[in-house]
Ligand SMILES: Cc1cc2nc3c(=O)[nH]c(=O)nc-3n(C[C@H](O)[C@H](O)[C@H](O)COP(=O)(O)O)c2cc1C
């Protein structure tokens with residue numbers, strides 16, 4: 001087998017997106033919708049619990065296996081297909097995202113349940129989202145974790161601190177209000193802008209604060 005040189009284009013805009021069963025399903029849909037207009041590729045791993053949240057919040061039943069970009073487009077309108085999304089099975093802990101030999105620019109877990117937060121914090125890699133996050137930490141790649149819960153127990157808070165100390169960016173789904181949101185999508189975009197900023201992307205839906 002011949003050795004292959006890793007070039008910058010191997011990692012340019014190549015991401016892992018983990019989606020779990022915390023409230024805020026639309027943060028994931030909106031991120032996918034916005035990424036679809038940016039050249040690149042993402043491996044998407046979806047927890048089965050996400051579909052329960054999607055049914056409860058979005059009234060979308062039986063979405064398991066459906067293309068998330070199509071669901072997002074039904075909500076937010078048609079977009080381009082510059083970004084290539086590949087679904088990796090949640091249970092397939094042997095998939096490519098489970099290996100440190102693969103090159104990704106960053107991983108984001110959005111929304112992130114307290115259960116996945118705990119598992120990643122304590123290195124319990126029982127599914128592909130948790131394993132890929134574990135690998136992101138050991139490979140010192142950018143890992144963005146977007147937890148959602150309220151109020152937070154001492155255990156949740158300790159897990160977030162430990163995860164931050166391990167190198168992750170802990171970015172709770174807590175949108176600001178100073179951009180004067182006109183609708184709920186403006187709130188999603190506030191957080192998606194911050195996620196994209198930490199993914200290394202410069203696209204913004206909301207004008208950065210000018211002071
Ligand atoms: C409608 C609904 C909303 C939920 N919201 C949250 C939430 O905001 N935060 C959270 O930590 N768990 C929430 N849960 C519970 C998680 O789905 C549950 O802990 C699950 O085990 C998470 O597993 P996962 O991280 O592998 O998806 C919710 C569950 C349902 C059905």
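Glycine is no exception: its Cβ is also placed from the backbone N, Cα and C atoms.
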Co-listed FMN-binding residue [TrEMBL; alongside 21, 22, 23, 47, 113, 114, 115, 116] among 75, 148, 158, 194: 148
Where residue 115 (FMN binding site) falls in three-state DSSP terms: helix
Rounded distance in angstrom between the Cα atoms of residue 23 (FMN binding site) and residue 178 (dimethylallyl phosphate binding site): 23
Sparsest-packed of the listed binding-site residues (115, 194) - C-beta count within 10 angstroms: 115
